[in-house]
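As recorded in Swiss-Prot, the features of this protein are as follows:
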- Arg104, Glu175, Phe222, Glu223, Gln224, Met225, Glu226, Glu332, Pro333, Ala334, Leu335, Gly336: substrate binding site (BINDING)
- 207-209, 217-222, 292-293, 336-339: ATP binding site (BINDING)
Amino acid sequence: MEKKESLDSSLKEIVSVCKRRGFVYPGSEIYGGLSNTFDYGPYGVELLQNLKQLWWKYFVHLREDIVGLDSSILLNPKVWEASGHVSNFNDPLIDCKNCKTRIRADKFLEDQKGEGFATGLTLEKMNQVIKESNFACPNCGQRGTFTEARDFNLMFKTSHGASAEDSLDIYLRPETAQGIFLNFKNVVSTTRRKIPFGIAQIGKSFRNEIMARQFVFRTREFEQMEMEFFCEPGTQKEWFSHWVNYCMNWLTEQVGIKKENLRVREHEKEELSFYSEGTSDIEFKYNFGWGELWGIASRTDYDLNQHQKFSGEDLKYQDQVQNKKYVPFVVEPALGVNRLFLAVVTDAYEEEKLPDGETRTVLRFSPKIAPVKAAVFPLMKKDGLPEKSREIFADLSKLGNIEYDDGGAIGKRYRRQDEIGTPFCITVDYDTLKDNTVTVRERDSMSQERIAVNQLKNWLFERL
């Protein structure tokens, strides 16, 4: 119990700094909110954009074998029948008959029995364990009040059409992948890409989660960075290994996440998705424990075969070199943007005890992803210091998001930027007016040095 309370407490600290410093706000807050919805504030948006741009750079722009796509959120409902989501995209649901609380049965059992306990359990076995154990409802505390577990489809249903008579029941997409599969033939035709190659996209997905929780880790509306890599059957294992390593290296070398906070976990056969022959998760050590950050799945030729069957379209690839046609196999690295956001904030967050006995909160983001690259401070709001500061600020703004801050004592301004994760703070003082140098303070070490204004832009550029 003590450990769980400690984990809950540390997550609350993350939530607090995100709200206090404008990273994440509760959704619809002035109307009392809407559970499990969040709005990303000024610094949260900057962090998200930096993460997405960094992903796009390394998964599209720096690779000749990958192109981009932006497919529709709303798709013909037959797509989801073909993909198997209508019949298979379910989680086990139980209700408390006393307080009407709805609970995801497998996660509830793992909370009670330990991580991994529910892996591979059938609904019948879950019902047996719940009945024999006589668990208490986590909401009202009553025992023996749970309904039998049943499948609950996670897709959001809506209507497409102007009137009830001609409206069509459709779904908000639960993953971005299907839009890529539908456009496989278009991309091959228009870009003349040869296998092996990938199609990547960033976009919103929606899942009606039974137990949406743990801040932005599990939400009903979320953003994905997915890539479907098409390869010749028989080569998928080699590519699978390549993408697991490539993704892990990107997280550590580019995003800057500590290696000790990451691990690779291979799925047991019983927990594989209905479309996968093998999946490995890159997990991050969140405040609440290890959780999936990035899933790399070998989807075989399942999706293209299904869409071929249901649509009647020939989705085989014509291999000109080998003079044969085949349905490509697919390896999919699928990353949740919101989970990555929470991972980098958690990884960067530190309450540091200073030599003078004070404590400072600091977010040690890599400069590549920091929402603010540098902040410019005039020491005083007079004697030409603001004018000189504005001049420096305007010049540095070409490097990225630079902030101008003239409010309060310098020490308080440093602390504010530490909580935002700003790598460098630049103070314009009276010596600046004499020798055209500024004080640059580095976030992590808090060390300071004087830099000539005419060298400042290049000095920063080399470190961002």
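Every residue, even glycine, has its Cβ placed from backbone N, Cα and C.
Compared over the binding-site residues Glu209, Glu226, the count of CB atoms lying within 10 A of a residue's CB peaks at Glu226.
For the substrate site, whose binding residues are given in the record as Arg104, Glu175, Phe222, Glu223, Gln224, Met225, Glu226, Glu332, Pro333, Ala334, Leu335, Gly336, the maximum C-alpha distance rounds to 26 Å. Comparing Glu209 (ATP binding site) with Pro333 (substrate binding site), their Cα atoms are 22 Å apart once rounded. Other Cβ atoms within 10 Å of the Cβ of Arg207 (ATP binding site), summed over all protein chains shown, number 21. Considering only the binding-site residues Arg104, Arg220, Arg339, the Cβ with the fewest other Cβ atoms within 10 Å is that of Arg220. Under the three-state DSSP scheme, Arg339 (ATP binding site) falls in the helix class.
DSSP gives Phe222 (substrate binding site) a strand state. In sequence order, Leu48, Leu51, Lys52, Ile202, Phe222, Glu223, Gln224, Met225 are the residues near Val337 (ATP binding site), counting only same-chain partners six or more apart with C-beta under 8 A. Cβ neighbours of Pro333 (substrate binding site) (same chain, under 8 Å, six or more residues apart in sequence): Glu226, Met227, Phe229, Trp243, Tyr246, Cys247, Trp294, Gly295, Ile296.
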